[in-house]
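The block underneath contains the structure these notes are about, expressed in structure tokens.
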Amino acid sequence: MSSSSNSDPSSSPDNTDFIPLKDNPKDTSSYINKKNPFVNDSFDSHDDSYLDNVNPFEYNVADDEDTISMTSDGVEFHNLGITETVDEQDKILSELQLAYPTVSRYSETLDKGLLNGDKTTKGDYTSLRRFRKPFLFDKLSPYFTHFFSEIYAAVLRVVGPPRANETPGRNLPFSPILRQIYNHPLYNIFIFVVIVLHAVLLMIRSDDPHDKSQTIDYLIIVIGILYTLEMLLKIYLFGFLYDGSSSFYDFINSYTKKTPRTMSYLRHSWNRVDFVAIVALWISVIGKKQQGIFRLFSMIACLRLTRLLNITRKTETILKSLKESSTPLVQVVSFNAFFGVMIAILGVQFFKASLNRQCVWLGDYGDQYLPTGQFCGGHWENGIKRAYLDKNGFPSNVNPRGFICAEKSVCRVVENPYSNTVSFDNFFNSLELIFVIMSSNGFTDIMYDIMDAEYFVSCLLFIISAYFLTLWLMSLVIAVVTSSFIDLQHSGKNQKEQKSVDKHLIRNKLCEKYLFYSNFIWISFIVAQFVTLCTQTYDQTSSTANRYLIFYACVDFLLAAEVILRFFAYLPDYRLFFRRYTNLVDIVLAVLNLVTLLPSIRKNPVAFGWLSIFAIARIYRCILLIPYTRKIAKLLFSNFKQLLNLMLFLVIVLFIASLCAVRLFQDLPNDGDSDDDAISFATTYESFLYMYQILTSENWTDVMFAIQARLAHLHLSWIPGAFFTLWFLFSNNVVLSMFIAVIQVNFAPSESDLKMEQLKMYLARLLRNYNPFQASLTLNALIKRNGSRKGKTVDESHYEWLYEDNIIKGFLRVTNIPPKEPLKPSLDTSPELSKYSLAKLSNNFKRFVMRDDPFSQAYFKRVIGIRWEKDMNLKTAAKDMQAAKAFVRIKQTEFLKNHPKYNDVFWVIKPSNRIRRFCQRLVMPGVNERYGGVEPYQWVYRVIQVFIYACILTAVIIECIATPIYERDHLLNDKQHAWFVWTEVAFATIFTIEAAIKIIADGFCITPNAYLRSTWNCIDFFVLVTLWINLYAVLTSHALLSRAFRAFKALRVLRLINLTQTSQRMFHDALISGFFKIFSAAVVSATLLIPFALWAKNVFGGLLYSCNDDNVLSASQCVLEYASTPNNWEVWAPRVWSNPPDYDFDRFPHALLALFEIASIEGWVDIMRSVMDITGFNNQPQTNASSGNAMFFVLFNLVSMIYILTLFIAIIISNYAERTGSAFFTAEQRAWLELRRKIKSMRPSKRPAIRPLGLRGLCYDFAVQKHGIWRRTFTGLYIVHLLFLLTIFYPCPIAYTYVRNSIFLILSICYTINICVKVYGLSFYYFFHSFWNMFDVVVTLGSLTCNIAILAKFENRSLTLLQTTLLVLVTVHLIPKFDNFDQLSKTVVASLPSIFSLIATWIVLYITFAIAFNQIFGLTKLGLNGGPNKNFRSIRNALVLLFTMTFGEGWNDVMHDYTISYPNCVNGDDFYNSDCGNKPWAYGLFIAWNIISMYIFVNMFITVVFDNFSYIHTKSSSFTNLQRNDFRQFKDSWAPFDPMVTGYIPKRNAVKFVLSLRGVYDFRIYRDEHTLRSIISKVQSKTGQQSVPMLENPLMGSEINLEALDQIIDTIDVNVVKERRNVLNSLCTEIMTLPGNVISFSNILMLVVLHKIVDHREAFPISDYIRRAYVLSELEKSIRMEKLLGLVETSIIRKTFLQHMEEKKKALENPFILLSEVSEILPETPIQEVLRQHNADPEQLLMSTRTPSVSDRSFSIVESTVPTIASGEGDDNHSVEDHLKVPTDNEPRRSPSLKEVLLRGSHSLHSNNDRTSFDIEAGFGTAESDFQFGGATEDINRIADRIDDYLDRDSFKG
């Protein structure tokens, strides 16, 4: 060992691998070769695997000999005296294998792992060892070691998260000593304690800011000093920005290159956070205390506490997932912000000065000035509408609009709301309100205020912004976080070891039976106790309460005894009893329920109510008893630990955010508004509640606006706006999205089963196509019914391909398939049930009551389902489905023979009846194929269908016009001639005739094609009945009957869904296919709601009563009258002791309704504030008297968000993904679908193929260069343009407005010059081929015209709005300038078809519910939450109000307004004379709309966006490295072959085009160095070089170096060349088999990608894979056939040539023929003919290539219009039906025999026009032919293989 080894390690310049224990203590990942999957190689990557097993205890020399274990790489490890064979069930023992390199206590052998880091001395080695074997705790129990090791691991995670590839720091004086202090465990623990103490002190100071503030401030200063010393220590040891371990040049390059990072202080992300916090702390201490801007620095100082988020491994993992998703998250947020900025600019121009106008009450004599808060646009003055008054009291010069103030009041300009902080007067205020819209909570009040101040149409900006920004773009944020977290979950899930499931079997069968059957008895006791608790009320008598108590005690003792009996049933294996979690839970519940029976608790209503949760919790046994709820519940709780960790992460984040909010907003001055004064951040607890309220988004704008108003006088209102906005964005959109990801993972199949699930789903779709009971109901499908039925013929060859072993094995990538592989997918993850199960009993009951009806769809499903469950496998599926179909037909025939009247309508009208046959000629059967009837006349049927749909549409329009108010006004004037009544009679008659025709044609309910067998017919029939009932009620003036049935007429609108197939499919996916799953989720949600509702009733029942006079203290004082002052007007009113009007917990139904409203994240804040004021029974509430009660609603709200809202979202996402098939796609398949989408959307570049010359060439360069100076200049101009748009504000000086418009005019001229340059460079033809160019022309010329007109004093409001709109549209040009924006925009556009179909379906439901609400509540009195536009009195108002309720905006308050009843309303005898509400209809309609729209369709919107974004987000693919430059290179290669940019090139040029491709698309057989020209240039002999063998070539005129030629040929890889040649042959063959004589751009790009880049075995879904496999197989056969024909042609030519030579020889030997006459006599040889053609016209040879005509049958992947058997519902988005197909022939054909092929081979050189159909079929005919590939094809393949071998051998001979 060298002498230098004894020196200090810090002095060695090569000690770059030393990792100090502070920031990376003993990182052993490099020794054991375990790479952390979460490590990111980016700037701040970490590796914290060592933290899983940390032992901070010192080694005791007096300890006994320890055991040494060796790893695979020879590193020694202590195992702490624990044996290596650990029980799999004991996780703690397995985690105690602490992996830290040490040496044996008696061994002098050094650790090789540390020696690799140049630690060459024993002293250096031992000085670095800090983690050694404990002595005392390990002797007591290994659990102590694990416990304290976990604590220290948490300390290290908080204090100093490790970093990878760090250097040891700088070598300065005292560095070794300071480094030892820095690395000592006590130092880490001390810093951890300081951080925790800092948090505690901040919390204490917040709770009591006045008494203890000075002392705590001093302690915080001390903590700041400690933080500073820690920071200085790190800077001294490792440097601030640069540690000196490398050159400064390397340091600079480390920011841009992948080089090992230094350990300098600011190179670590957490250190940067610490640095900012410490600097802010000292600024806040030095600055003026808690005043002004220094509040912000006090808040920033709290960021040091964010290190507590690393306290557990899981929370640290959550942080890492956020860090991994930070880049796409920033991109998505920036993309959303861009559109938010655009709409904010429009908001400024549209609505500036709109919120500063209010109605001001002047009084009877005009001597008062009282702003009413009602926004307005004018006022009434002597019966005339007047415009509003400005701030000086002068009339404005605009027309009155919006809400018109009543007489004795004026509409006048006042201050904007919330101290002038809420408005659209400038960009920043407008942007804040736009973000409020994006938050989907709190924006509807602003929308209605704007509608009152402006026009009704103003709501369109809010509606469009809400759908586009909130549902569309903000869903991308959810998709980013969810996708990243799901990827992390899957990676962690793959690392987990599979646990063996222990089946806890009871040996005694008698005991097993006892446990099963007695379980129903005990559960009946639980249900009885639960129902009894529901019926108990707070105001019961003492005797009743005693009876209840006796019953509870009996049940509690019985259930406690049941637990004991259950324990004895497990004997003698009593350990099995404790292994079941349910037994442990029942023990705890039994003990706690017995404790609640103690007298001290029983006599305390509050304690008894809170502890009743333990009796309620027993209901979980009922949930687990029901199979469906048990499945969902187990799926939900299967990842329960991850949910708990997320909750812990959320609580820590909430705590830190609460402390930050207190530092910012504590003790703010009041602005005099009493409502704002109620919002206070005085304590940490209150701050916690408000921050949690913002997290849930419930009225979060009230908090933000109130705090902004208090800081307005300091001009710091931007601080709460930014703080609360960022907190909302992070907590609501990011953190809550993680819960969606956790739950969604539980519903996702495992990675290993994805392809098998695809195969099962594919076969299920085949089954649906075989189903004879499938019927299409869309108008489009009905009109084309005849043609579509012909297309349903199933191609048997399709099934042959599907069920061949090699195809299935190739897709599944397996070598063996189980012969009985079950096909039906199952979501049941629960263990197998015993034979004594409730499911078995229910199945027996179903079989007993079920009747067989072979004409029902359920019967077919049941028949095939029996085969599906038992016998069907991958190889016999097609035959089984055919057998099932035939079996059903046989059963139908037998059934009709046994029941001859079954097909008779009403048992009278037989199928042969003329009237019935006439009706059958008019309509199609609703379901099934018509049995024993006739088909309708197509043209008659089409006319009738169009007429019926026209009647439906007309009826809907009339319903929208004839509202109840319109009917009432019309009937008052002319009751006898109510046109809407008679039109309703006419439509009812038409629909009745339609129903009668359908019933006569196919029967009513029990015939094979009965009318009521169709779901839509059932709806129509129900609507028809209710329509006649309503007409009867109207004509007979029966008010109650009319109101009860008026709403049902709206159901007729649902028929409009059938206008398009996409909307019908979307309706089916949203409401029908997923109904059962959604219903199951609703049931599971109810199991959460019901226990919490019962608990809330027990706790808060009877405690919410209050007196309307705040001055009384109890119910006894709430009598007589008092002086009430509503709106500062004194009125005498009686005192009333009552509950809040909209909620209470006195009865169980009331509590259930209140919690259901809370579960929708609406109204829970008001309820929480009410229970916080409880003072006791019959006592007046006081503010925050029982503030702890708020935690009940915080807990329920959090649980409901996680287990109700996120459960619905996860289930809807899962159901939609399963319906479309995307749930089973692998990463490669998702990447392929995204690539396919890109290819389909690509078009050739719109530019000339040849660059022009001169000035036009320069303009051409400006137009086409993507990164040139011209493009960058205009990108800068667009940015400047956007910045000037941000400067629009109110009030704006006229001079600045003129300057700004002048600048916009100059910019518009620049844009016009840009257009002229592009037009001149590209020409008009190419310029106007681009959409962006046409858009540019329209927007630029429009903005130029508007700017000129405005500067020319032609200004008016409409022109200004148009100008602003066009100027905003100009900024859209920035999207294609940035790659991230361009990619995200394409993602948004990709989801357009699904979004439009969803919106179309949604609009139909909007109209349906709008008509229903209008018909029921069109005359109802307005409540407190109503307004001039916020009501159901017209359809347009109803639609807008339904829109607000879709986002949950106060839907529950509006619902309670419409439950108003007498005596608070007029309840007249006639419907038109009553303004009361209707409770049943209100609860039914509002809750139905809430579930359908807010829960289902909103989440469907998110699901569609998420489904499209998941393709973009996929990164794990072998071909995702295709960049935009690769596609641009392809376009550049295409341009010379398509100079007119038609998108097509002739097939004769296709091969030349393919060979011209370079880069990733290179198809050349030989590379550049192996081309003929390159080889010739290398082997040509130079003058004078004759030392090697030469060969003189007379054609080339030079000599060839044979040795050099041999060396070059030896470098050619024969296998690679052969593979390239095969790929090229396959591509060219497939191109030539396409129909037509041209090929499109997208088609050839698709073929190039498929042959060159994509591996279809990995990337294709099942339907695409099968088609592609078929195509490749046929291509291979075609190529082999060509080779065989070529061999035959060669033989024929050779034979002809020999005959020619023989004749020539004979002619030469003939003495009578001269030699010069031989060539004239003999005919031209075939070889000479080919050579002559080649020499005369080189292109002729390419043109003579066989190109099938348009009529030829193609099997290629492109331009397919033939419907495939796999096409079905949900398959349009995720299969390549339009790109891949299997041949399907309408009529059978016979393929030629091998003999015929060989005989016709001699004529293959003839022109393509001479080819017959047999020629084409020789290569491609397969369907229903006599040509069996099993025999003849083997001969062909054998011959072709021999030709292949011959050619390969001869090609490289010599």
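Any Cβ shown, glycine's included, is placed from N, Cα and C.
Looking up the ranges 427-447, 700-720 in Swiss-Prot, the one annotated as transmembrane segment turns out to be 427-447. Scan Swiss-Prot for N-linked glycosylation site across N165, N699 and the hit is N699. The glycosylation sites under consideration are N1184, N1508. Their Cβ neighbour counts within 10 Å are lowest for N1184. Across the glycosylation sites listed here (N310, N699, N1058, N1356), the residue whose Cβ sits among the most other Cβ atoms within 10 Å is N310. Across the structure, N310 (N-linked glycosylation site) and N699 (N-linked glycosylation site) are spaced 31 Å apart at their Cα atoms. A gap of 19 Å separates the Cα atoms of N699 (N-linked glycosylation site) and N1184 (N-linked glycosylation site). Proximity of distant same-chain residues to the transmembrane segment (514-534), defined by a Cβ-Cβ separation under 8 Å and at least 6 residues beyond the stretch ends, is recorded for 506, 548, 551-552, 555, 558-559, 562, 565-566, 569, 612, 615-616, 618-619, 621-622, 625, 834, 836-837, 1094, 1097-1098, 1148.
With N1508 (N-linked glycosylation site) as the anchor, the candidate glycosylation sites are N1058, N1184, N1356, and the one with the nearest CA is N1058.
Counting in whole angstrom, N1356 (N-linked glycosylation site) lies 45 from N1058 (N-linked glycosylation site) by their C-alpha atoms. Calculated from their C-alpha atoms, the gap between N1058 (N-linked glycosylation site) and N1184 (N-linked glycosylation site) amounts to 56 Å. Same-chain neighbours of the transmembrane segment (1486-1506): 471-472, 475-476, 478-479, 482-483, 1066, 1069-1071, 1078, 1082, 1156, 1160, 1205, 1208-1209, 1212-1213, 1216-1217, 1391, 1394-1395, 1398, 1402, 1405, 1409, 1442, 1445-1448, 1451-1452, 1454-1455, 1458, counting only residues six or more beyond its ends whose CB sits under 8 Å from a CB of the stretch. Tertiary proximity for the transmembrane segment (642-662) is limited to same-chain residues at least six positions away from its ends with a CB under 8 Å from its CB atoms, namely 199, 202-203, 206, 299, 302-303, 305-306, 308-309, 311-312, 314-315, 318, 489, 681, 683-684, 687-688, 690-692, 695, 723, 727, 731, 735, 738-739, 742-743, 1198, 1202.
Beyond its flanks by at least six residues, the transmembrane segment (1331-1351) meets 1246, 1298, 1301-1302, 1304-1305, 1308-1309, 1311-1312, 1314-1315, 1318, 1359-1360, 1362-1363, 1366-1367, 1369-1370, 1372-1373, 1376 of its own chain at Cβ-Cβ distances under 8 Å. According to DSSP, N1184 (N-linked glycosylation site) sits in a coil region rather than a helix or strand.
In the three-state DSSP scheme, N699 (N-linked glycosylation site) falls into the coil class.
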